[in-house]
């Protein structure tokens, strides 16, 4: 999985960012995945008197980290507004080349009622929790086998797009930042959404304005989710004399959440429970986490397999041994007569 270069690590680490409505602390802290849809501007509904064709972009954030969720974001708006509103007026670009402050400011504008972006555009995100990602990737063969990250990402993309269709939006064009080979991914989406013109491309977040905006929605949602997780799960409890200092110090000691970030690895080592590992912030299926749990500081546990009660045969309840011991139920209807009775 691609990780940011050392020079990009700081840009991947959020600090004092806007908390968008797509971050729901109760769901986040429970370890559940969830989806948030913004209100649909009335002018974008297919049933509107002056309905306009809509373009929709899809991108993700947080595919490679060991800490925090992976977030898929979509952004949609009238086709004629894509370049003038997103590129020329608000200067959207691939979220990785924007600073955290710029990303946060753009997301706040998108979420503020009365702004030009709020009035003309819609967006949605699906937050795939670290726990659900790991549970899918480590799913046993008797439960369907591994549900890999590509399959999880594809399902999240389809469900988000379908959710916008279900809300009555007149989607004409869809642009997606690719998972794997663009051609194969595009064919899959074309089979599912045959009425839209679909473009799947590498670096789509820097080529198509609606994908750039989706990239910002996904990245700020992940950044804000990490911040909420840090404040409730990652930050050590403060001593009385340090409380004022800690309230002002918002830098997260676990850094960006990527295994290549030494702050992340240091935090994982210092906060690992020998049996249970970590909380809903960690992807246990990542090699970094598995190696630590299987290392000298981890405790090997053999979990018993529950008896589902379906392995017993009916004849097991009427064994010869029970009859020989005079089992009352075993002889309730008498003993077998045998062939000699005939």
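Cβ from N, Cα, C; glycine included.
TrEMBL: automatically predicted annotations, no manual curation.
Of the candidate ranges 214-234, 235-255, 256-276, 277-297, TrEMBL annotates residues 235-255 with the feature region 'Disordered'. Of all Cβ atoms in the protein chains displayed, 26 besides its own lie within 10 Å of the Cβ of residue 177 (divalent metal cation binding site). Taking Cβ-Cβ distances under 8 Å and a sequence separation of 6 or more, the neighbours of residue 60 (divalent metal cation binding site) in its chain are 70, 71, 72, 73, 153, 177, 218.
Counting every protein chain shown, the Cβ of residue 59 (divalent metal cation binding site) has 28 other Cβ atoms within 10 Å. Across the residues of the domain 'RNase H type-2' (53-298), the predicted structure has a mean pLDDT of 90. Within 8 A of the CB centroid of the divalent metal cation site residues 59, 60, 177, the other residues of that chain are 58, 61, 72, 73, 176, 204, 205, 211, 214, 215, 218.
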